[in-house]
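What Swiss-Prot records for this protein:
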ACT_SITE  K166  active site, proton acceptor
ACT_SITE  H285  active site, proton acceptor
BINDING   N114, T164, K168, R286, H318, S370  substrate binding site
BINDING   K192, D194, E195  Mg(2+) binding site
MOD_RES   K5  N6,N6,N6-trimethyllysine
MOD_RES   K192  N6-carboxylysine
SITE      K325  site 'Transition state stabilizer'
Amino acid sequence: GVGFKAGVKDYRLTYYTPEYKTKDTDILAAFRMTPQPGVPAEEAGAAVAAESSTGTWTTVWTDGLTSLDRYKGRCYDIEPVAGEENQYIAYVAYPLDLFEEGSVTNMLTSIVGNVFGFKALRALXXEDLRIPPAYSKTFMGPPHGIQVERDKLNKYGRPLLGCTIKPKLGLSAKNYGRAVYECLRGGLDFTKDDENVNSQPFMRWRDRFLFVAEALFKSQAETGEIKGHYLNATAGTCEEMLKRAVFARELGVPIVMHDYLTGGFTANTSLAFYCRDNGLLLHIHRAMHAVIDRQKNHGMHFRVLAKALRMSGGDHIHAGTVVGKLEGEREVTLGFVDLLRDDYIEKDRSRGIYFTQDWVSMPGVFPVASGGIHVWHMPALTEIFGDDSVLQFGGGTLGHPWGNAPGAVANRVALEACVQARNEGRDLAREGNEIIREACK
């Protein structure tokens, strides 16, 4: 026989390797697969491994010029999903050499770039990734992290409080700054630009930054506490985004903000580097996440987006609430909250954690609870999220019948009451409403 045999071949001959022992340096992925009727699970799993690594639909002569064995992704395990018909979890191991160092963009392009449109699959969802220290060490990660942020703000032993300024679109810069001042003066730690506030005709970014900085310094002088406002630096180009971050630094404010999914991981990582080099904290909003993570059987779970963000860099990230207006299952939410802030997270399928993740010493990210929460949720939030979190009340502050500042006071008083009650050993789940009522007096 001459050369090699061309033609379409079964992926599972090369890419389904149940005997494979995973390496410490491999990136591991768990995919929830729904194969098309008549496609065996092994073939589907192998196809996923092939298409997201070295495979193509036919044998090519250039395969002879490289070592497939060294570079191919391998589907090393498949398990049926309990309670679902024709759904499987496929485990795939990728050799580290397939990925560019320090690039979340390249990691995602490789793992989820192409394979989700694959004909043999009806649906595919990336449930989790195991990032080996050999790879995570090539990333800077969060510009500062939880501990450094607490030291910069001089705030300890409690969750931090935030508030999104509403109405999100339409206020002039001067009135916007006024709303910021009232909230911070009332006792909040942070206020926030809404994710869609960038630089629109009714309020250009530079004017907003100036009036907000004035509000910050005034409220700081009056309360003796460090205050912040997440100035949204998200823009249409990376250059413009960095220009806004530079101006924020020149004003001397403590924190800026970015929409990391719409802005993109490349822009986000650039901004994170700038923030670390210039002492700015970085707040991350997850606008667009539900487009990717809402469907159970197709897309990417938020825990994958959360891991990607911790690598790319951010000091805060929105992470659902467990109690407010947006959906979130408690155990699963706490699973990715721990993936954001802890050093070492044990595999625990009941919390949706498919792999043990060791971040070594990469800084942690504050999870932000935001969306439809108000003062009566405070005991539950304090209990669920613990101290290392940011609790954000938009309408729950500005909707106070007496105005913004009293709304802010109410939130701060409720938080302090819950933290004190917890520290005294009271049961927040049972006595929550009572604790809030006492605090109202």
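Here, residue 1 is simply the first one shown, and the rest follow in order.
Every residue gets a Cβ built from N, Cα and C, even glycine.
Between H285 (active site, proton acceptor) and T164 (substrate binding site), the C-alpha separation comes to 12 Å. In sequence order, T191, K192, D193, D194, S370, Q392, G394 are the residues of the chain that are 6 or more apart from T164 (substrate binding site) and have a CB within less than 8 Å of its CB. Taking the Cβ of D194 (Mg(2+) binding site) as centre and 10 Å as the limit, one finds 18 other Cβ atoms among all the protein chains shown. Sequence-distant neighbours of N114 (substrate binding site) (same chain, 6+ residues apart, CB-CB distance under 8 A): E51, S52.
Around the Cβ of K168 (substrate binding site), the same chain contributes D194, N196, V197, each under 8 angstroms and 6 or more positions distant in sequence. Our reading of the substrate binding annotation (N114, T164, K168, R286, H318, S370) yields a largest Cα to Cα distance of 37 angstrom. Here the CA atom of H318 (substrate binding site) lies 11 Å from the CA atom of E195 (Mg(2+) binding site).
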